[in-house]
């Protein structure tokens, strides 16, 4: 075979492999983004809830979430789950007995009051299960790769950022426990979006100023840290 043709075939094969690899990486990235919490918050249904488009629906969701978190703060998770399931059972059993008594008095044959729900298929399709498992696996693999990169100090600046964040979290943990942080996060989730929507221009200006200051400080630190020159050349 002509060496020129052989070289062209090898080059085209390598390009095709690289293109397929890039396409596969793009699909994995899309799957990862579609399963991430950020994508969940950006979904139209969640956006309508946290922006209080329907005050009644948002109020119910916020009230139930706060009730759940406050219950977890006061009781153990086993007690909270047991009480919730017990309350659900009390409602369904009471309704079942009530309907049975009504049918006996009226001598009707309506049948089981929950028959339509019992006949409903609640099983998870294998395709849906595999899809979510694959998306979760992609998320886990990316998280493991990122942790390995940070804790093995592949980039000194990024590892120092993580160290600063962990150091700040030690003080946060000394003041708040996990449930308290979740309660605050729930309040902020339903309070910040409408406030930001009403004062978007002013808040964006402050955010731009803060981002500029942070980027300037990080750039100065990178210039003084060892290995920064090597990193800039690589980039």
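Using N, Cα and C of the backbone, Cβ positions are placed for all residues, glycine too.
Note: TrEMBL annotation is automatic and uncurated.
Because the structure is a prediction, the values reported are computed rather than measured.
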What range among 61-91, 92-122 does TrEMBL record as transmembrane segment?
61-91
I'm validating the feature mapping. Which of 153-174, 175-196 is tagged transmembrane segment in TrEMBL?
175-196
